[in-house]
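Okay, structure first, notes after.
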Amino acid sequence: MAIQTSNLGYPRIGLQREWKKTLEAFWSNKINEEQFLTTMKEIRLQHVKVQQEKGIELIPIGDFTYYDHVLDTAYMLGFIPSRFSEFTSYLDVYFAMARGSKDHVASEMTKWFNTNYHYIVPEYEEGLQISLKDNRPLRLYEEAKQELGVDGKPVILGPYTFLKLAKGYTQEQFATILKQLVAPYVQLLSELHAAGAQIIQVDEPIFASLTKEEVQQAKEIYEAIRKEVPNATLLLQTYFDSVEENYENIITFPVSSIGLDFVHGKEGNLNAISKYGFPADKTLAVGCIDGRNIWRADLDEVLTLFTKLQTQVQTKDFIVQPSCSLLHTPIDKTEETHLSTELFDALAFANQKLEELVLIHSALTQGTESISNELETYRNVHHTIRSSAARNREDVKAARTALKEEDFSRPLPFEKRYKLQQVALKLPLLPTTTIGSFPQTTEVRQTRKEWRTGVISNKQYEQFIEKETEKWIRYQEEIGLDVLVHGEFERTDMVEYFGERLAGFSFTKNGWVQSYGSRCVKPPVIYGDVAFINGMTIKETVYAQSLTEKVVKGMLTGPVTILNWSFVRNDIPRKEVSYQIALALRHEIELLESSGIRVIQVDEPALREGMPLKEKDWDAYITWAVQSFLLATSSVANVTQIHTHMCYSNFEDIVDAIRALDADVISIETSRSHGEFIDTLKHTTYEKGIGLGVYDIHSPRVPSKDEMYKIVEQSLEVCDPKYFWINPDCGLKTRRTEEVIPALEHMVQAAKDARSLLKTNA
C-alpha cells in the first residue's frame, strides 16, 4: 500500500506579507522589474522549502502567482483582450488585464466559487488564437528542481473549469472553443512530462456542479488529451463540494489519480463511494484537512474516515491532502501568542495543517500508536474549547429561543414605506451617494498605528478621526452628493471593526489571507457565542450628522457578510452563528435610529459567495441568509430607510433573494461586469430602490462623466427612475484622494445630466 502526503496549494502572500509589499512597490515604481522578479523568486522558493521541511512529499509548483492563478492560465493560453494589444512586455500586459490602465478598463473580477478569493475572469474574443503562449508551469517546475532539488507536483487549472469561468462566447461556441484548448494542454502536459514531472495536478473544481452532459463533454476532452499524452501521470483534483451526482462517470476519466473533498463534500463523496466503489488502478487523493478554516482537525474523525475508505475502495494507494488549496488560510499561528490558551491551542493555520497531514500519514503507515501522544493532546484541546464559557452563554440562547415570526419583517410594505421616506428625506430624483468608505491615506493608517501602539492618546486619535470626518463631509457637500457618509476612518476592515466590538470574536495579529491582487484581509475568528456589548458606530455617525444639514448614512456590515468573511466556529450550524450576529446588529440599528440617523446601510457584499455550489442546496442557504438580514433590520420605523450593498456576484442567481431582503435601497456593483446585471434586469423586474454602480473603484483610473452617464442611461432602460440611485461600485477606502474627488464630481455631473434629460422627456 502506497500512501503519500500532498498539498494542493500554499498561501502566496508571505509570512510578513512580503508578496503584497513587493507587488505594491513595483506598481508604485519603488523597485524595478529585475528587483521585482528577483524578490518574487525568493518568496516562491521559500514557500517550496517550507513545505519540503514540513515533510510534504508532493509539493505544489505553479500555484504561486503575481496576481491570480486564473489570470496566469488566461495569459498562458493567449486569452488576452485586444484592448491591451498596445502593451508588449509580459508584466505590462498581465497587470493591465488585472488592474486596467489609464485608457482601458481591467478584466472583470469575481468570486472564486463560494470563497472570498477573487479571480480575474478570462475574456474570449472572436478570432482569438488559442495557443500555449508561455509554459509557466514548466519554468517553475524546473526552477524548484534546479534551485532546491525538489521534484514538485505542477498544478494547473483544468480546461473545463477554465473555460466555464471565462466569458465572451455563446453557449453554442463552447464546445468548439473547448476542443481548441486540447492542443495547448497537450503541449503543456507533454513538456512537463518530458521534463520529468512524476505527477501533474489538474484542478477541476467546477466538476462539483456540472450536469451529466457537461461531465461527459469534459471526459471527451480528457480522452483527447490522454490520447496525445498517454504517459503523463495526471491527478484530477476536485474541491469545495462533492461530485456525488457525477461520480460514476468521473472515476472512469483517463487519469491516474482523483482528488476528492472529504471535508466540504464528505457526505456526498462517501455516498458515491459506497455505491460505486473506487477503481483499483487509480490513486484516491483524500482531502481530509479543512483548507478553508483555521481549526485543528479532529484526528480521530479523519482516521475513522480512512478506515471506512479502506474497506470500501479497491485501490490500496492513497494521497493524504487538504480539502483544497491552503490559499484560504493564514500561514502560521506561531505569532498569535496573545490569544487565550484555549483558542490558540484550537487553531491550525497552513503550516500547522501541513503538520497534521504528516501526523495522519504516520498513523496510517505506522499505526495510531505512533501518534498516541498527539491524539490525546488533540482530544483535550477539542474538549476544552467545546466546554468553554464563551461557547455556552445562556443569554444568547434565551434571545434565540424568544424570536417570533414578526421579528423578521417590516411593519409596512416597501411602496408605502418609500413614500413616507421620500417626504421625510426630501431627496432629488436620482439621488447620489457613495458606498461608505473614503481613502485610508498613509496619514490615516500611520495615526491609527500610533494610537494602537500607545504613541498618541485616545483623545488625540478621536480628534484626528473627527478632523478627517469633517474634511470629507465638506468634500461631499462641495461635490454635491445627496446622501453623505462619515468615511469610516476609524475602521481598518468592515468586518474586523464590528468583530472587535462584539462578544464571541477574537483577532489574530498576522492571520492574513489574499482577497484579490495584493489586497489581503485578516478575518476575525468567531470562536464563541456572539452578543452585543456597547454601541459600535453611534459616536462617529452622530458626529458626522451634526456637521451637515444633508442626510448622513449609518454604516454597518451585515450578519451574513460578517459570517462569510470570518473564520467561523465549526461546532454549531452557520445559520445559528448568523442569527446571533443579526441580533447584535439589530440592537445597534435601533440605537442609530434613536440617535436621529434616518438612513442606515447594512452591507451584504458576501451574501452570494456563501451559497453552496450545488443548486439543490441554494434554497436552504438563501432562506436563513435572508432571514438573518431581516432579523437585523426589521425593528426600525417605516420612515427609516434601510440600504444594503452587494458586490462581485452572479446576481442572476439571487435576484429573488435580493428582493426578499426587503431593503428600501440596494446598491450593486455592476461597472466591472460590463453591464451583465443590467441585462439580468431586462428579464426580471425589481421594483424597489436600486443603485447600479457607475464606475469601478478597483482601478486607479478616473472615469469620465460620459462613461458614467452611459451606464446611468443603460440602467434607466430597466430601472424605474423614481427608485434609481447613482453611486460608485464599492467603498473608496483603497483609492487615493486625487482619484476619488474628480471621479465623484464626474458622477454627480452625470446624475445632473440624467435628471435634466428625464425632466425634458417628461
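Using the three backbone atoms N, Cα and C, a Cβ is placed for every residue, glycine included.
Keep in mind that this is a model prediction, so the values were computed, not measured.
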Additional site residue, Cys719, Cys730 [criterion: listed by Swiss-Prot with His645, Cys647, Glu669 for Zn(2+)]: Cys730
From Lys102, Lys111, Lys426, Lys688, the one annotated by Swiss-Prot with Arg17, Glu18, Trp19, Lys20, Arg519, Cys520, Trp565, Glu609 for 5-methyltetrahydropteroyltri-L-glutamate: Lys111
Listed in Swiss-Prot for the L-homocysteine site shared with Ile435, Gly436, Ser437, Asp603, one of Glu376, Glu488, Glu490, Glu549: Glu488
CB-centroid shell, 8 A cutoff, L-methionine site Ile435, Gly436, Ser437, Glu488, Asp603, site residues removed: Thr434, Val485, Met494, Met555, Gln601, His645, Cys730, Gly731, Lys733
Integer Å distance between the CA atoms belonging to His698 (active site, proton donor) and Trp19 (5-methyltetrahydropteroyltri-L-glutamate binding site): 19
Secondary-structure category, per DSSP, in which Asp603 (L-homocysteine binding site) falls: strand
Residue among binding-site residues Lys111, His645 with least C-beta crowding, 10 angstrom cut-off: Lys111
Set of same-chain residues at least 6 away whose C-beta sits under 8 angstroms from Ile435 (L-homocysteine binding site): Val485, Gln601, Asp603, His645, Ser667, Asn727, Pro728, Asp729, Cys730, Gly731, Leu732
